[in-house]
Amino acid sequence: MEGKEEDVRLGANKFSERHAIGTAAQGTDDKDYKEPPPAPLFEPGELKSWSFYRPGIAEFVATFLFLYISILTVMGVSKSTSKCATVGIQGIAWSFGGMILALVYCTAGISGHINPAVTFGLFLARKLSLTRAVFYIIMQCLGAICGRGVVKGFQQGLYMGNGGRRNVVAPGYTKGDGLGAEIVGTFILVYTVFSATDAKRRARDSHVPILAPLPIGFAVFLVHLATMGITGTGINPARSLGAAVIYNQHHAWADHWIFWVGPFIGAALAAIYHQVIIRAIPFKSRS
């Protein structure tokens, strides 16, 4: 019967947590960190506070800069008659990943999401309120639309001639293929975000907060390398929305649902996996 009791309790409270070899956690107490309390669904009075709007403005600016630089890079590759004379696929992937790395580093102290899927995943994990999540997503979408609009203004002919570099399922792939690629790609990104910002890891390894943008940027880079040939790599609904709004012709909206449904499913799966499997937070005592 004792074994069955352990199965029910999952061992979450009976055994002390083990520390990885070589980390700063060796020789510390069983729990040397404090789990932040769950965010309320609605926070009274937050709409009247300037601290509510500052992160939203940061999300707008960061998403604007993200799309501005990355899509300009794509346009530069498309413009050249010789792909060998450009940064190529790897350069495009790194422009997306590198900008995320830089912008997360710059804005992590205030928000640092730059992606509705990331915001949605963190909301499901009770890291922010519903009102903040909705506000962040709106500002991210507006930033993406403006960023795309500026790029189109610089070189409208090239932009429209290349289909606005919108996200679509590539020929030879089904909508199911595209949806699957978006789910898995977003899962990788959001899972990396959870791991890089984990409260326990941040407390036990002092260098983790400084290095957190690095794995997040590399996750974006690697997912782009893997899925650019399938969907153009969405994994960010704001980015896909900005492309559809600014281009707005020739089936710009045909596969658009994939780039919202896929990332949101991937983000939800990543949130559940990290909170339930990796951290076992629902099974820990509330003492």
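Each residue's number is its place along the chain shown, starting with 1.
Cβ from N, Cα, C; glycine included.
Residues or ranges marked as transmembrane segment by Swiss-Prot on the basis of sequence analysis: 57-77 (among others).
As annotated by Swiss-Prot, transmembrane segment applies to 92-114 (among others), with the evidence given as sequence analysis.
The transmembrane segment annotation in Swiss-Prot covers 134-154 (among others).
For 176-196 (among others), the entry in Swiss-Prot reads transmembrane segment.
The transmembrane segment annotation in Swiss-Prot covers 210-230 (among others) and is backed by sequence analysis.
Per Swiss-Prot, transmembrane segment is recorded for 258-278 (among others).
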(message) Counting Cβ pairs closer than 8 Å, which of 57-77, 92-114, 176-196, 258-278 has the most of them with the transmembrane segment (134-154)?
(response) 57-77
(request) May I ask for the residues of the chain that lie six or more residues beyond the transmembrane segment (210-230) and have a Cβ under 8 Å from a Cβ within it? (result) 89-90, 92-94, 96-98, 100-102, 104-105, 108, 169-170, 173, 177-178, 181-182, 185, 188-189, 192-193, 195-197
(request) Would you mind listing the long-range same-chain contacts of the transmembrane segment (176-196), meaning Cβ under 8 Å and 6+ residues beyond its ends? (result) 115, 117-118, 121-122, 125, 169-170, 208, 211-213, 215-216, 219-220, 222-223, 226-227, 230-231, 233-235, 255, 258-259, 261-267, 269-271, 273-275, 278
